[in-house]
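This report concerns only the one structure given below.
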Amino acid sequence: MDLIAGESSKVLRKQGFRSLKLMSVDMEQELGNELEPFGADYGRLDNGLIYYVRRNSKPRMRAALALAVKVGSVLEEEDQRGVAHIVEHLAFSATTRYTNHDIVKFLESIGAEFGPCQNAMTTADETIYELFVPVDKPELLSQAISILAEFSSEIRVSKEDLEKERGAVMEEYRGNRNATGRMQDSHWQLMMEGSKYAERLPIGLEKVIRSVPAATVKQFYQKWYHLCNMAVVAVGDFPDTKTVVDLIKTHFEDKRSSSEPPQIPVFPVPSHEETRFSCFVESEAAGSAVMISYKMPVSDLKTVKDYRDMLAESMFLHALNQRLFKISRRKDPPFFACSVAADVLVARVRLHGFSEREISVVRALMMSEIESAYLERDQVQSTSLRDEYIQHFLHKEPVIGIEYEAQLQKTLLPQISASDVSRYSEKLRTSCGCVIKSMEPKSAATIDHMRNVVSKVNSLEEEKMIAPWDEENIPEEIVSEKPTPGDITHQLEYPEVGVTELTLSNGMQVCYKSTDFLDDQVLFTGFSYGGLSELPESDYISCSMGSTIAGEIGMFGYKPSVLMDMLADLETALQLVYQLFTTNVMPQEEEVGIVMQMAEESVRARERDPYTVFANRVKELNYGNSYFFRPIRISELRKVDPLKACEYFNSCFRDPSTFTVVIVGNLDPTIALPLILQYLGGIPKPPQPVLNFNRDDLKGLPFTFPTKITKEFVRSPMVEAQCSVQLCFPVQLTNGTMIEEIHCIGFLGKLLETKIIQFLRFEHGQIYSAEVSVFLGGNKPSRTADLRGDISVNFSCDPEISSKLVDLALEEIVRLQKEGPSQEDISAILEIEQRAHENGMQENYYWLDRIIRGYQSRVYAGDLGASCKILEEGRLRMRESLAPQTAQAALQRILPHPCKKQYTAVILMPQRSRFGFLSSIFSSRSEGPYIRDTKILAGIAGLGVVVFGIWRYSRK
């Protein structure tokens, strides 16, 4: 059957890896020339700046740029703690050539979105500025490189610039002071104890952020930002590297640092033989955890032996993680209480080692990974290559090229034995710079308790009282009896989208698209109409737990711990789908007990998280307390009927005739079609239809948006004050121009997000970021009905000014409805959308989603090509018609007009003390409309499993 030509190239490339010759290696041979990283045009300018330039065509007409600076927070003095990060912020605010965040506006105007395509990061040792820009016009690359040149020596540090940026930096600081941030900071300080690193977290100190003078920031910038400590990296779809090198010279060659090159000091982290213990109590923690860390000297990666040792270490970590996963899936896992069982893993390896079978599984996995990298060596993302060169500059990590690395791994991996891997465990002794830390929501473990556990494990090891690892039996084949292949009863070609659609003899519809984006990637997903929305409310809770219970029991006929040892190729994946449809999951009391215990722990964890409490209340409020959006409570979990849950899960994956499966990737039809026919076509069709729903007869989700303005505070106990705001508006799209309206609301979401960030961050300096999201997922998949949903604005801020910022955000949206956006605003969001579309057209994920949307679209009437064409034409019509006037009209039409007449505003705030609450009762009228305290509800969100992209479709 002639499908799409040229697919035999994948087979040839795989044969290319398999025929890759083994090397005769000298262990002392150097990996490569440190001064000549593979693939790059590499050099140094007279002023000390290093450059790396490389041609790479993925994605097409794009370039990944970076300025890497060997300057981080560890260089700060006590009164400068946080200044390195502040400098990074100021870079995008103003330079000699750019003011008032003009850099951000310019980059957005060429389609480089703020955040994803223009960003920076500060660590203890370095600062990295990153840009991802289009280069289809010659001047764009030059302008982008000129911006990096400005960052190198022309950042403006004035009092006005600093004052405007303090709020954004402070909000980033506040956002880091949640449970996760506090635990990470505490662990960092414990690990780095005795070193300057322990007291130089990049985010800095609140008092410095709020009050550091501009002169101090400028002094730090001028002292440390020296060109000899910088490198510029450019990887992209360039005609040639020489032109790019010339651009770098044009923009950087005349730059001069204002002082002599500073010597970057080294701050050693002292080792210690005694084990350090710490018990950290975090009332908002999601659960209890123990972290065991070992400090080791950094190993140079210079010789083949160094590389072999690195592979052995990686194999050790893979094998140990596999054991940990398998322990977590046992009937009595030791992870719900402090137990010796989890701590003997490394000691067991020292005594008994890993088995050859375990290491053969790890070796096969790593060989598969390097084979995939080799096959896709010409399809590596420019951002990945850019990051390699950044690490070469900052940490002297060798860049040796994937061809050489594949040859090395193919030669070395078979030579690394189980005993070689097991030997690595000798480095992980509690006398080798070991730090053990417990983290709990309530104090239970003590340092003495942990010290006794370590002592007991050491004694058991000395007495050789630790039993060997008990291995599970792994089946030779996932499908023991191969099914009889089905037939193709109908075939259609859609050349306009490059897909082939098959109807199989069991009724399953399979659509596939062959691509050459990645030589070793195939994605697939499947859907069927009818899901949880079709159930009565009384069955909802039990049935919604079906995928969770089935996932732990073994929805493919095997435990998850058994399947993890199998390599995933197309045949294996299709076999798992066959098993999904033919396995009858039956709940066992012991297994179900473990699953429900884990679910209860998850609910309790979410009760402790203020942000989950907040999100649950937002959903309750915006969707009329609908059971579909309400969090599951522990009392409801305890009423779950496991048998009903599993029966529902089994019924969802019983009738193949209700499913459409879409496959996208580098498919060789001569290999893929027989597998599709055997494992998808071989799924038996039941004698009577099961859950066979007509799309137009499905129910929408039961929800109603408040008809009146609703403003509410959610007050939650917090260790440190946090504040999150969600401002939400109802939307309704009418059927007459539905395709254009769906695209239009996407553009409006991006417009609102851009303007809110510009207004609240760049103009008022009070937020770090904002997100605008659109929800239309509660509607039934109808061809004719209107769509209703909501559009929400989310940001975090200082609790003291949250109400003020809500009012400012509302005023900005009112202004946009009244005056409309500028042409500059419209041009920027059109450019961002177009660039994202162009990037997506080169990705399998994008095409998978596009085809699924084609099938699920209201215009789909059996012709996928026509559906995709109508959707794309709607997108193009929307782009052509979008202008300041049409955007203004859409804001008035789709949102309430004026927007202040119907909305919800929910604000997460720290819980007040009882005395504060009592006193506020008498003054609540002066607080304005935000006077309602809410009941805090515990919840668990999204307990579910996506299994190889197969799900039952319940709502669009």
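Cβ coordinates come from backbone N, Cα and C, glycine included.
Between the candidates E160, E163, E172, Swiss-Prot assigns the Zn(2+) site shared with H85, H89 to E172. Ranked by Cβ neighbours within 10 A across all protein chains shown, the binding-site residues H85, H89 are led by H85. Using a 10 Å Cα-Cα cut-off around E165 (active site), the binding-site residues H85, H89, E172 reduce to H89. A 10 Å cutoff on Cβ-Cβ distances gives E88 (active site, proton acceptor) a total of 22 other Cβ atoms nearby, all chains included.
DSSP classifies E165 (active site) as helix under the three-state reduction. The distance from the Cα of E172 (Zn(2+) binding site) to the Cα of E88 (active site, proton acceptor) comes to 13 Å. In sequence order, G82, I86, E88, T122, E165, A168, V169, Y173, I203 are the same-chain residues whose CB sits within 8 A of the CB centroid of H85, H89, E172, the residues recorded for Zn(2+) being left out. The recorded positions under consideration are E165, E172. Their Cβ neighbour counts within 10 Å are lowest for E172.
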